[in-house]
Amino acid sequence: MSGKLLPVLLLALHLTAGSVRSQGSSQDAFIIQYLERRLAQMEERLNLCEQNTVAVTQKTYDLSSEIRGFLSTVSILRSEVRNQVDNVAVRVDRMERELEYLENKIPTQSDIEMEEALLEQQIKAAEQEQLKKKAKIKVEKDCSTALSQIKSLKIVKRTGDTSGSWFKDPSEGSAKVYLLSGIRNNTLLEYVSLQSFAERTTTPPAKVVQLPFDWQGTGHVVYNGFLYCHKAETPNQILKVDLLNATVVDSTLLPGAGRLPVYSLNPNTYLDLAVDELGLWVIHADPEYGGNLVITKLDKASLAVEYTWDTQCRSRDAEGAFLICGTLYVVYNTRYGGRSTIQCLYDIHDTIHSDESPVLFFPKRYTSHSSIHYHPGDKQLYAWDDGYQTIYKVDTRRNDQVTAE
Ligand SMILES: *[C@@H]1O[C@H](CO)[C@@H](O)[C@H](O)[C@H]1NC(C)=O
Ligand SMILES: *[C@@H]1O[C@H](CO)[C@@H](O)[C@H](O)[C@H]1NC(C)=O
């Protein structure tokens, strides 16, 4: 039985093994097919993913360039709006000036001066114990007047360039008015009086003085019939000119001057001359003192330097300055024109202190002064405000601390 059964068993075994083997290889094929399918699917998905990524990147790019476009449109719009606002401001300013000018031309109102209720500004007197005997100078006549406010303004005329200077000869008994239009010329105009200067009709000046050289800037003065001015094409030469025959009678070079404009808002003026109760002064900015203003007292006869003081007043954002009784008052503004304010002062006697004084405001909201000249007799400022010849009346008070020395 075993002899007969064994081959059968073997056959059966063989068959079984064969079927197992054939069954195994078909399973492999199935798995491979399956895996291939999965691979293909994954590849497809990867492709899709890649495409999506490209699309998203493209979209992001489009979006960002769109946003960029929007942003530039917005900034263009913004600058347009800003320009329009600026234009409107300039027009309002012009209108204001025109109004003041016209109001001033109405004869019945010509005596009425516009007064603006300002903050009652009082310069606090320096404390007695803080009086420092710093600068003991000998001047022919000392005085003790301090500025307390800039009270009112009157626009006298509109003539000449946007920059220029005009003033009265401050020497006693002189009524003559001088006008130097522009920032460089060889000509000045002389009028017999303020009234003749202000006349509505275009009155010819009493005299047209032609000099044999050009003056420069807006810092000139006429004192006792002599013009003191900065000679053009020199950094720091001051000339004294006899106006009767337009001849130079004296000249000097001001040490340290001529490297910086005196006031950053008036870039063509390198020397600013001034007259106060004590005499003739010149103001300049010195780069060696951080661009601060330096004041020099000049002998009006010989132009010799008498004394020099370095002040702590900066020239940056300044548009002008003037002296009253040996105290320098510096006027600041913005380069767009705005409200002029006195924010720094320097007293050669050291009795008035800048840090104890409040800011003094000019009456008008929009100004752009190219020159400001104080007249000690009139107690008035003669200013050139963007082509308008303007007078400011000032209030002064006694500064008794000077006599306490
Ligand atoms: C010089 O001033 C006169 C009178 O103000 C003026 O007519 C003339 O145009 C000025 N010249 C220059 C170059 O500005
Ligand atoms: C100019 O006038 C002054 C005073 O009138 C006189 O002293 C001077 O000699 C004159 N100069 C010239 C060059 O005519």
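Heads up, the Cβ atoms here are built off N, Cα and C, so glycines get one too.
Annotation comment: TrEMBL describes 1-22 as signal peptide.
Looking at the coiled coil (78-136) alone, the prediction's average pLDDT is 54. Residues annotated as coiled coil in TrEMBL: 78-136.
Taken from TrEMBL, the feature domain 'Olfactomedin-like' applies to 142-398.
Residues annotated as disulfide bond in TrEMBL: Cys143-Cys325. Classification of Cys325 (disulfide bond) by DSSP places it in coil, neither helical nor stranded. All protein chains shown were included, and the count of other CB atoms within 10 Å of the CB of Cys325 (disulfide bond) stands at 24.
Take the CB of Cys143 (disulfide bond) and look out to 10 A: across all protein chains shown you find 20 other CB atoms.
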